[in-house]
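Student: This is the structure, below, for whatever I ask next.
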Amino acid sequence: MSVIYVIDILGTFAFAVSGALVALDKKFDMFGVLIIAFVTAVGGGMLRDVLIDAHPINWIGNLDYLYTIFIAVVFTFLFKSKIAHLSKTMFLFDTIGISVFTLLGLEKGLSFNLHPIIAIIMGVISAVFGGVLRDVLTNKVPLIFEKEIYASACLAGGIIYLILNYFNVEENINFIISAAVVAIIRVIVVRFHLELPKIKDDIFGKA
Amino acid sequence: MSVIYVIDILGTFAFAVSGALVALDKKFDMFGVLIIAFVTAVGGGMLRDVLIDAHPINWIGNLDYLYTIFIAVVFTFLFKSKIAHLSKTMFLFDTIGISVFTLLGLEKGLSFNLHPIIAIIMGVISAVFGGVLRDVLTNKVPLIFEKEIYASACLAGGIIYLILNYFNVEENINFIISAAVVAIIRVIVVRFHLELPKIKDDIFGKA
Amino acid sequence: MSVIYVIDILGTFAFAVSGALVALDKKFDMFGVLIIAFVTAVGGGMLRDVLIDAHPINWIGNLDYLYTIFIAVVFTFLFKSKIAHLSKTMFLFDTIGISVFTLLGLEKGLSFNLHPIIAIIMGVISAVFGGVLRDVLTNKVPLIFEKEIYASACLAGGIIYLILNYFNVEENINFIISAAVVAIIRVIVVRFHLELPKIKDDIFGKA
């Protein structure tokens, strides 16, 4: 489990940097940057834990998240102009984070004996709600509702995990395969500018 | 209780359709539409259950809500152009939903031995918070704060319920009467374009 | 503790008035004004209690908060034009409220055996989240992220408290000193128009 823990921390770091960059772009002060980085990084797991009554919740039960976020914010301050050139690296981190958060959330849901459908939703919440909070607090329509389909990638990875789990695939192997599915879908989506279809009109409509 | 359960599901359906319509109007993708429908339909009960520590919370404890929302979203996709012509039907559903959600939330609060005032607030939260979440996530000032007074209708229905309860009116009869009060007030308000007064100036002011 | 209780109620009153004034300014109806006053006044403590699983949460466990908010809203309606001339009084109330909320939240965190860092965060959340909710619900970028640094004042007061606590300073004295620190920093900040630094560019950047 320790490799996954490291990846969890890396994902937290990447999410915190992504939040800090948005807040800096909005000219927030240092405290505002810290808060936005914080909610982006731990918001998903926090909502999941409150909803399933898992106390202490993520960042209260483990201070490593806070330390990671703090370091990520300092890192962002120091290297702001450099990070723009590191967008591929950040995208990699972000994708790893999303993949791991999805599976960690899903596994936590299952460990709380939740129905598999609910557990998958917990995985998706873990992965995407931080970004939603970031956008609500910076007064934007959450990005995820408009053009990102990475929630669908999380969903796909979660379903793969449950299927492999059903066939008794060993847990760590399953985790890696499913996380890879999330990451690969996300990379393909971004590279080929795919979007989920929007419904222009209903299937019986004219226009 | 089974009639009330059916109405609860109908109300969930109506709220989900209302959320899906707003999201479609905002050009959200399919996943975004599903999320907005979801929070509109179960957001009120979810907040209520988190606040009163009622675990498992509504949609985690009963998958029927999720199935209902999914069907409602598919229904909205299929019949989008038709639903515009069904606005009276939708208004009817929505009004039923609000009425029932208010009373269900109130009864749940009482069953948790909360003070009657708190229980009424839980009823109002159950009925209106889904719409507030829908509006916050689509980056609008929540409708309810600007011109809807249906929260007041919920409040009135809740008070009626408590009064009749005090006089030992049988629970199901009380439920139906109080829910009818909510629905009737809402219909009257909408038909006659009533609004709660706004305070232009204080009573001692000049202008 | 009874002096602190009185100050807690005064702080709640001040926060409720501040919320009501924002809502009136946005032309919300009476119900909307009540809700915004409510979330501004109890939102911080409510989030804290949900996060640390402290049930019943603040306003559910003690009806005095609701009564105070109700009176504050009526007071705001009655004296709206006068309150503009009372801005120093309101600022005083608000500052007292923030100071007390920070320390009460911190002490509650410690009483739940949380790590001191987490307890300080709970203090800050108690003091500032009500204002964040107020701004999100009225569709503004939360003020606190843009130019208020009073969260930093809360942070400083919380750290002082922990240091004095470490040196076994008597609890009530510690409370008063630390609350005074929060208040004094806030007053100085506002009087001299101080702001937390914003990061224009990283330290290695050119511009």
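The first residue you see is number 1, and the count goes up from there.
Quick reminder: no glycine exception, Cβ is built from N, Cα and C everywhere.
Annotations in TrEMBL come from automatic prediction, not curation.
Checked TrEMBL, it gives:
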type	residues	note
DOMAIN	A:6-80	domain 'Glycine transporter'
DOMAIN	A:92-164	domain 'Glycine transporter'
TRANSMEM	A:6-24	transmembrane segment
TRANSMEM	A:31-47	transmembrane segment
TRANSMEM	A:59-79	transmembrane segment
TRANSMEM	A:91-111	transmembrane segment
TRANSMEM	A:117-137	transmembrane segment
TRANSMEM	A:149-167	transmembrane segment
TRANSMEM	A:173-194	transmembrane segment
Student: DSSP on the domain 'Glycine transporter' (A:6-80): how many residues come out helix, how many strand, how many coil?
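Tutor: Within the domain 'Glycine transporter' (A:6-80) the tally stands at 63 helix, 0 strand, 12 coil.
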Student: Apart from its near flanks, which chain residues at least 6 from the ends of the transmembrane segment (A:117-137) lie with a Cβ under 8 angstroms of it?
Tutor: 15, 18-19, 22, 35-36, 39-45, 47-48, 51-52, 97-99, 101-110, 143-144, 150-151, 154-155, 157-159, 162, 182
Student: If you run through the domain 'Glycine transporter' (A:92-164) with DSSP, how many residues end up as helix, strand and coil?
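Tutor: Per DSSP, the residues of the domain 'Glycine transporter' (A:92-164) fall into 61 helix, 0 strand, 12 coil.
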